[in-house]
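For reference, the structure discussed in these notes is given below.
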Amino acid sequence: MVLPPYHPVVERARLYEVGFETIVDFFYRLAEAADKLREEGFWLNYGPERLPDYIEVPARGTLRVKYGFPVYQKGGVCMDVTNTEQAGIAEEAGAASVMVLDKLPYDIRRQGGVARMADVRVIQQVMDTVTIPVMAKVRIGHYYEAAVLESIGVDMIDESEVLTPVDEKHHINKWLFKVPFVNGARNLGEALRRITEGAAMIRTKGEAGTGNVAEAVRHMKIIVGEIMKLRSMTPEERLRAAREYGVPHQLVDLTARLGRLPVVNFAAGGIATPADAALMMWLGADGVFVGSGIFKSKDPRERAEAIVLATSMWHDPETVAEAQAMISEQKSMMGIDIRRLKPEELLQVRGE
Amino acid sequence: MKIGIIALQGGFYEHHYMLRKLAGETGWSIEPVFVRKPSDLRGVDAVIIPGGESTTIGVVARRLGLLEELRDLLASGLPAMGTCAGAALLAKSVRDRVVGETKQPLLAVMDIEVVRNYFGRQRESFEVDLRIPAIGGKPFRGVFIRAPAITRLWGRTQKLAELDGVAVAAEEDGKLALAFHPELTGDTRLHRYFMERVKR
């Protein structure tokens, strides 16, 4: 038996009706703003450039390369790790990438205090031990943590609400960097604002470190639902939606036409079992981030491999059942009921 | 022609898009199908192995029994095109630039040695125009994302394109290994070149 997608339109739209070139052309227009900023000073070496018709010398960090990177993460799992040993387990299990953190979200909740980017030496050690891409998190609005990560060569930067934000109002202007960024979103407006700021990838926020996938499901359904609504709108209504979201109307039109976000969209926050991952894929995610779910369980090796299998094979309930049988529910991480968290303990509300 | 695209992880929708585009341009009847289980390989005239993470694709394919099935078919002459991670999976020998030997599962059907992440990390990813004489004089925009390089060729394998002294495209009996991503440029010439090999 093969499970049909939750939203047939989303599945069809994944074939990129307008083609990748059109998407990239669109981003060139957004990049004009970044060129202006670059003239103003500090970030002289950064920013996407317009390409000549013919390139002899390799052009690094172009938009196609930045937006292309997450395309090759699709159908894969990015796993949170805190050291080289965990990174090795993740790679062997078939993770498409690893995210290096100082503490897993579950422990951040437990310990409290200010959560910052991971130890640079640990990130470098992980980069030297695994062949898959290495991502790392920076605090929302922390330009300099991002500049540090770019300079040591991290493959993707996650501007993450899991860490303590340093700027309550503004996110990083991601057009200034050559390394692609991933940002969290709970609804379509938030996702499109992050794309306007230059995010090359979006992940639904969920509620990290809870082992409870309910919020991730809620956010994915909100985003898909709002895109479906855009598709049925008149051009005038879309213009108004663009104003409400605070983003260019071309981006809203493009999203409506594609029937999906114009960048790769992963699910995150509370994914703890193979079936959780398959559910998020069925709801329209391009892949999943797994945080505390693997290394806070008692069977990380088996669980990592099982979640990878279920993410690739989400169409097929029999294989997901097989994946589910590779792990034991008794060894799953202890979950936290979101309703028992105090409002100030919620991570998802950080950075609208 | 039924073309199987290995659809476990990576850029398989992009290849699907390119095959449809090619079919529109040429009028050829191309039926792209996604391959996830061994049974999906039934009746395919060729396979495309997309870019992605070669470890992920290899690990999942092995668990599903797809790896052995595919290896047998490829060894008995089924044409294949592998881009980026796909090229690594086709190679008989794979190393990583930083880490060295890898223990990853491979298809090992082409006489090439591939070095993963040869040009560096994502920060060093780039675009460049390549000269590929086999597809004509017009340069081909190569998109290299954490790309590998083909550092050694032997047997009947031929070099199709090179960059900075290493091969980035190679061919052996209807099998094509590409270090870059033709599916991101909208240029169908390499897909067309491959399909011409399949039609024969």
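Note: Cβ is positioned from N, Cα and C throughout, glycine not excepted.
Here TrEMBL flags A:63-268 as domain 'PdxS/SNZ N-terminal'.
The C-beta environment of A:D80 (D-ribose 5-phosphate binding site), restricted to residues of the same chain at least 6 apart in sequence and closer than 8 Å, consists of A:V98, A:M99, A:L101, A:L104, A:P105, A:F289, A:V290, A:G291, A:S292, A:I294, A:F295. Sequence annotations record features per position, and here TrEMBL assigns D-ribose 5-phosphate binding site to A:D80, A:G209, A:G270, A:G291, A:S292.
Within the same chain, residues at least six positions away from A:K137 (active site, schiff-base intermediate with D-ribose 5-phosphate) with a Cβ under 8 Å of its Cβ are A:M99, A:L101, A:M117, A:A118, A:I157, A:D158, A:E159, A:S160, A:V162, A:L163. If you look up TrEMBL, you'll see A:K137 marked as active site, schiff-base intermediate with D-ribose 5-phosphate.
The number of other CB atoms found within 10 A of the CB of A:K221 (D-glyceraldehyde 3-phosphate binding site), across every protein chain shown, is 15. Secondary structure from DSSP puts A:K221 (D-glyceraldehyde 3-phosphate binding site) in a helix. Residues or ranges marked as D-glyceraldehyde 3-phosphate binding site in TrEMBL: A:K221.
The residues near the D-ribose 5-phosphate site, meaning same-chain residues not in A:D80, A:G209, A:G270, A:G291, A:S292 whose C-beta sits within 8 angstroms of the mean position of the site's C-beta atoms, are A:L104, A:P105, A:Y106, A:A208, A:T210, A:G211, A:G269, A:I271, A:V290, A:G293, A:K296, in sequence order. Neighbour counts were taken as the number of other C-beta atoms within 10 angstroms of each residue's C-beta; across the binding-site residues A:G209, A:G270, A:G291, the minimum falls on A:G209. Note: the Cα of A:K221 (D-glyceraldehyde 3-phosphate binding site) and the Cα of A:G270 (D-ribose 5-phosphate binding site) are spaced 15 Å from each other. In this structure, A:D80 (D-ribose 5-phosphate binding site) is part of a beta strand by DSSP.
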